[in-house]
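Novice: Next up is a structure, given as structure tokens.
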Amino acid sequence: MASNSIHNQELQDQSPGDGDQHGRHGGHITSPLLRRPSPEITRDREAAEEWEENSPVEQVALTVPVGDDPSTRVLTFRMWVLGAASCAALSFLNAFFGYRKEPLTVTAVSAQIAVLPAGRLMAAALPDRVFFRGRPWEFTLNPGPFNVKEHVLITIFANAGAGTVFGANVVTSLRVFYGQHMSFFVALLIIFTSQVLGFGWAGIFRRYLVEPAAMWWPSNLVQVSIFRALHEKEPRRKGSLTRNQFFLVAFICSFAYYIFPGYLFQMLTSLSWICWMFPNSVIAQQLGSGLHGLGIGAIGLDWSSISSYLGSPLASPWFATANIAAGFFIVMYIITPINYWFNVYNARNFPVYSDGLYTVTGQKYNISSIMDSQFHFDTNAYEKNGALYISTFFAFSYGLGFACLTATISHVLLFHGSEIWQLSKSAFQEKKMDIHTKLMRRYKQVPEWWFICILVASVAITIFTCEYYIEQLQLPWWGVLLACAIAIFYTLPIGIIKATSNQAPGLNIITEYIMGYLYPGRPIANICFKVYGYAGPCQALEFLQDFKLGHYMKIPPRTMFMAQVAGTLIAGFVYLGTTWWLMATIPDMCNTELLPADSPWTCPYDHVFYDASVIWGLIGPRRIFGDLGTYSAVNWFFLGGAIAPLLVWFAHKAFPAQKWLLHVNVPVLIGATSLMPPGTAVNYTTWILIAFLSGHVVYKRRRDWWERHNYLLSGALDAGLAFMAVLLYLCLGLENKTLNWWGNDLDGCPLASCPTAKGITVHGCPVHN
């Protein structure tokens, strides 16, 4: 591996310093590229050929090693023990922290660090005796020193536990919000079927989203950097730290610092200083609140808040950051204020930013009053209670979701259509491969029929589950097949966006919309349909991202496949077990009306999930966004999303000299606020600032520092935060030890959620006359 480090250092020495060269793939810019070395720089023909084989993506070429040792042992006893343990641990922690007010995602980086000393200890302590010597099943508990490939496979195992288990949202909605009985076995079937469906899509689209060099999956470079720092020997330069030392220092600082936003001074999550200046002004607090308003001037000094929805800002490519920033500022600071102050859809009767469900007078809507005993929609009760309203921001966020879906298809066809056609005709084998794909060709690939068998079996079990438990789940067999059809249609275009920008448009809105029209009045059927149509592609992208990590680190594909399957099964069981335990032991969990004011168990993700089931499943899109609803004009966003990429494409053809046009990624721009709610303004403003500093300022002006430290810093911040968060809960949370002072008053903007319309009376808010 040391030679790889030297080779990459040579690449760095030859790379341009101005950072303004950009590569194209399929006619569309995906990321900055390395320049071809000039004759003066190139030492010989062999070096030039080696350069040509390296990844055309500069970040990859500067980060990922290009060597491989196929004799390295991967499938070892240590890998299975540490992989299963880390997968179970991350599943428990992410299920546990996912229900809290500021959801914390404990990434696989934490396990990546924790297992290293454990692996080396096992290598030193376990006996090296060989069992069944000379037979096909010969094995040893200790094949030698703990190696990087074992470490990578353990991390891929752990990634299964770090991912989201979408089926758990169905379980929480049914048991907590709808109060319906559900057995553990039925819940387990929902979790397993929704998780495993993604394997089928992943297998089908591997050749499109893993092998091409332009599909570079930016977030993987964080883990690659950490692997190299932990396993490569590097001499310390005078006056500087090695990468390993830098990582350790950053980890300790992150660990120590999180005690402030995590316990002692929680207001660091959102410092909304405008609210402090105007403590009695509703309008000022609506403008300044980072958690319940527009977040003007709000800043967050809490890494869990910064990275909780958009991921690490240090792993975001600059062009994606610019698109997200533009989309956020347009929606949050132009569209939302205009709509609110001009009272579009009675906007001033409700909070400026909210995911709540309201009556026309701004009161919380009583959902239970419009359902019968079978959880079906009661038309007479709805007409008596009046129409359901949502905040104008929430309504337009749905509209942007509509636009993002059509924009994704349009964008991919325009900018990647020719490449997809070539790959479909099996022309990929004839094209020039980068060094990573060439090295991976020496290993046996996973046969496609393995994925197809898993897909067919999981679809069959899903249909059986939904039909046998039709009274609980409400979803008929044809709904399962339709969900699968939507998933397979959208996985490729969404995968291309994710693999090049680190952002993925979601399918949740289109699945809710379609099922709401086809099968109205059945909220549970709607959420089940959403999980199968939405979780499948999301899981597929998780598997494909892991495949790309293994691709970079030269892990045999079949071994990787086994670890992913085992990890998925372990993660599903542990995640559900944790959810079940929390629901049984925490009184009034997720019920914000009954929970104490300082309770962390507010379940923000599940509230949005439940609200969507009411809007789309119970009441139905026709009474919300259709001819019987208030928000029918929002459907025009479908057309706008389809046209927008076409305008950018025409602009690029008309003005080819304007290179910045190639950076405009319409699905990412439109979908910038797709995670709001539950994401908040301060999550975005601070994320954008840090991503700008890392991806543009440091990357352009201090390329050497960025190459050595950027991804390491991201991993260290994640890991330090995670370990301190767990320690705080074990030492203080279990004992209900809290600090009640003004510094722990999150946001400090109590009036930000108040309406401003005249005559609207809401508890705790001033009345405007």
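Numbers here mean position along the shown chain, with the first residue as 1.
The backbone N, Cα and C atoms fix where each Cβ goes, glycine too.
Feature annotation from TrEMBL assigns compositional bias 'Polar residues' to 1-15. Among the features that TrEMBL reports, compositional bias 'Basic and acidic residues' is placed at 37-48. TrEMBL lists 1-56 with the feature region 'Disordered'. If you look up TrEMBL, you'll see 79-99, 152-178, 184-205, 246-266, 318-342, 387-415, 449-470, 476-497, 561-583, 633-651, 682-699, 711-730 marked as transmembrane segment.
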Novice: With a cut-off of 8 Å between Cβ atoms, can you find at least three pairs linking the transmembrane segment (711-730) to the transmembrane segment (246-266)? Only pairs 6 or more residues apart in sequence count.
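Specialist: Since 3 or more Cβ pairs under 8 Å link them, the transmembrane segment (711-730) and the transmembrane segment (246-266) do come into contact.
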Novice: Return yes if the transmembrane segment (152-178) and the transmembrane segment (561-583) have at least 3 CB pairs under 8 Å (sequence gap of 6 or more), otherwise no.
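Specialist: By the criterion, they touch.
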Novice: Please indicate, using numbers and ranges, the residues of the same chain that are 6 or more beyond the transmembrane segment (476-497) and have a C-beta under 8 Å from a C-beta there.
Specialist: 197, 201, 204-205, 208-209, 215, 405, 408-409, 411-412, 416, 420, 459, 462-463, 466-467, 470, 503-505, 507, 510-511, 514-515, 518-519, 525, 528-529, 532-534, 536-537, 540-541, 544, 665, 667-668
Novice: If we call contact 3 or more Cβ pairs under 8 Å (sequence gap 6 or more), are the transmembrane segment (633-651) and the transmembrane segment (318-342) touching?
Specialist: no
Novice: With contact taken as 3 or more Cβ pairs under 8 angstroms (pairs 6 or more apart in sequence), are the transmembrane segment (79-99) and the transmembrane segment (561-583) in contact?
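Specialist: Contact criterion met.
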Novice: Mind checking which residues reach the transmembrane segment (318-342)? Cβ under 8 Å, same chain, six or more beyond either end.
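Specialist: Beyond its ends, the transmembrane segment (318-342) has Cβ neighbours at 29, 31-32, 218, 294-296, 310, 348, 352-353, 392-393, 396-397, 400, 501-503, 663-665, 668-673, 681, 684, 688, 691-692, 695-696, 699.
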Novice: Who are the long-range neighbours of the transmembrane segment (561-583) in its own chain, taking Cβ under 8 Å and residues 6 or more past its ends?
Specialist: 75, 79, 83-84, 87-88, 90-92, 94-96, 99, 153, 156-161, 163, 165, 167-168, 171-172, 175-176, 184, 187-188, 191-192, 195-196, 199, 446, 450, 454, 539, 543, 546, 589, 601
